[in-house]
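What TrEMBL says about this protein:
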DOMAIN    A:87-276  domain 'ABC transmembrane type-1'
TRANSMEM  A:29-49  transmembrane segment
TRANSMEM  A:89-115  transmembrane segment
TRANSMEM  A:127-146  transmembrane segment
TRANSMEM  A:208-233  transmembrane segment
TRANSMEM  A:253-275  transmembrane segment
Amino acid sequence: MSAIDDPGRVEPVARASVRRALRRNPASLAGGIVVAVVAIVAVVGPALVGDPNAGALSNRLQPPSAAHPFGTDPLGRDVLTRLVHGARITLAVAVAITLVRLVIGFVVGLVAGLFGGLVDEALMRVVDFLLAFPGIVLALVIAGVLGPSLRNVLLALAVVGWGSYARVVRSSVLSVREEPFVDAAKLAGISRVRLVWTHFVPNVAGPVVVLATLDLGGVVLAAAGLSFLGLGAQPPTPEWGAMVADGADYLRSAPWLVNVPGIAIAALVVGFNLLGDGLRDALDTDPTEVNR
Amino acid sequence: MYRYLLKRFASSVVVLGAVSLVTYALVTVAPGDPAETILREQLHSQPSDEQVAQFRAEHGLDEPFHVQYVSWLGDAVTGDLGQSYFHGRTVHELIAAHLPATIELAVAATVVAVAISVPAGIASAVYRRTPLDYVSQAGALFGVSVPNFWLGYLLILVIAVPFSAVPTSGAGSVTQLVLPAVTLGTGLAAVITRLLRASLLETLEEPYVRTARSKGLRERVVICRHALRSALIPVVTVVGLQFAYVLNGAVIVEVVFDRPGLGSLLVDAVFARDFPVVQGVVMVTAVLFVVTNLLVDLSYRYLDPRIDLEASA
């Protein structure tokens with residue numbers, strides 16, 4: 001057994017090793033490329049294509065053609081243009097939800113792991129509940145009661161989804177606590193805040209980044225699902241889930257209205273999942289382990 | 001064993017209590033006065049102050065929060081979940097009318113998922129790093145990544161449109177169950193395939209599997225009788241816990257296929273601001289989920305006699 005295969009070995013979190021591992025894994029490289037393409041489209045695309053809400057009724061429900069590669073919708077709007085604008089909304093919402101989950105989970109996990117005792121016990125019971133209860137049902141109720149809007153979907157999905165982050169951070173904190181360098185730092189007399197910031201946060205970061213990447217795919221699906229139900233993006237916003245819902249009435253006559261945004265969502269989620277799997281292998285950490 | 005059950009029962013009651021309080025509080029702080037919204041909808045005009053006051057008195061909305069909650073809770077434990085604002089029916093009746101379609105869907109989707117994932121997971125692990133494994137893994141990746149609302153429409157396009165015998169909406173018959181069950185089962189199958197593969201690969205390294213092999217047992221017996229049994233433990237947990245996933249998915253799949261289930265009841269109630277129904281569906285969901293979790297825990301003991309529930313309690 002070579003040193004690399006030794007499960008006890010802790011791989012240092014180095015950017016070069018991540019890049020090398022990703023290059024060796026063509027599947028996750030492909031995932032990275034898909035995500036990068038969507039990200040580039042989201043950033044520069046809207047400036048290159050026209051107004052997503054411009055369209056003439058005389059031009060309605062045109063099948064894909066040279067002028068409209070993905071056809072037009074019932075209001076004569078170009079589906080490709082809407083898809084490009086939708087990339088920005090879909091990606092921004094997913095990233096925002098994931099970041100809020102990460103921050104809440106990070107704080108709760110740090111507090112639970114560092115304080116222990118009753119605080120830990122109480123916080124972990126909340127986490128157990130969040131991890132097991134149907135999150136979409138809960139998010140649906142929260143977002144629905146607050147009123148349909150993208151902001152409320154963001155809020156709802158963030159509130160129901162930080163549990164796994166908290167668990168991963170907590171378990172990393174518990175293992176870092178046992179490290180000799182923590183005792184050394186304490187003996188050196190550094191402040192508690194500095195101890196957490198310089199010794200705990202960097203060591204917890206690796207698994208959290210992997211978890212966030214793996215989570216992003218699920219977040220895209222959840223946010224698009226809630227928008228599909230009509231709770232998120234409101235017309236005429238070209239969010240991808242909402243686009244599928246808008247096209248559903250014309251499923252038989254204009255299937256591209258459902259298929260184009262549907263494939264776009266699936267591709268983005270495949271991208272995040274492949275990238276997450278690759279990062280997990282590269283960083284040699286499986287954050288999903290503690291969530292079972 | 002009894003001590004364990006008692007403890008689990010107590011923690012379930014705490015969870016259910018917390019869920020009911022949180023939902024009730026959420027509904028109460030919701031923006032907009034439900035009385036006014038609902039009356040406006042019913043009367044098609046702005047309701048007078050007296051009408052609003054009468055509605056609020058009728059539904060107990062003029063009481064302070066804790067009084068409302070305690071009275072709701074008192075009724076709920078006896079099975080009375082209140083009256084829908086709209087349907088003129090009790091929440092209990094509505095849920096009883098919608099629950100069977102969802103249970104049917106959940107069971108059918110789980111059957112589909114297990115039927116796909118168990119052979120796929122075993123094949124993936126046994127024929128590791130062969131084309132068969134790659135196909136199964138690619139399928140699993142597709143399954144976890146495809147949005148189920150799009151998959152549903154895709155199935156309608158490729159199956160129901162050419163074969164008009166397959167209905168795309170409603171509930172009650174077996175044919176109406178096929179497309180929704182496949183839609184919902186695909187994602188679940190993907191999760192189970194991945195897990196079973198990983199779990200079986202791990203088990204195949206165990207010393208007792210080596211022992212079984214060196215005794216000269218046939219590979220089929222080694223895998224089916226020795227390895228699979230312990231490899232299935234994490235899988236059972238996941239299938240059990242995936243009940244949450246099934247309920248999540250049911251919400252969307254029921255809307256796609258127009259099935260009169262708990263999910264579509266909840267979505268409609270949320271949009272109509274029919275809060276007693278929302279509250280009731282959430283409570284029923286919570287009860288279903290608490291009971292499944294308990295059953296999952298008990299099933300461990302059956303599958304793996306090494307697990308001591310008393311110790312873990």
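Note: Cβ is positioned from N, Cα and C throughout, glycine not excepted.
Taking Cβ pairs closer than 8 Å, the transmembrane segment (A:29-49) reaches residues 22-23, 78, 80-81, 84-85, 87-88, 90-92, 267-268, 270-278 in its own chain, all 6 or more past its ends. Within the chain, the transmembrane segment (A:89-115) has long-range Cβ neighbours (under 8 A, six or more residues past its boundaries) at 38-39, 42, 123-124, 127, 150, 153-154, 157-158, 161-174, 177, 196, 200-201, 204, 208, 212, 215-216, 219-220, 223-224, 232-233, 237-241, 265, 268. Long-range contacts of the transmembrane segment (A:208-233) within the same chain, counting only residues at least 6 positions beyond its ends with a Cβ under 8 Å from a Cβ of the stretch, are 89-90, 93-95, 97-98, 101-102, 105-106, 135-136, 139-140, 143-144, 148-150, 152-154, 156-157, 161, 164-165, 168-169, 172, 239-242, 244-245, 265, 268-273, 275-277, 279-280, 283, 285-288.
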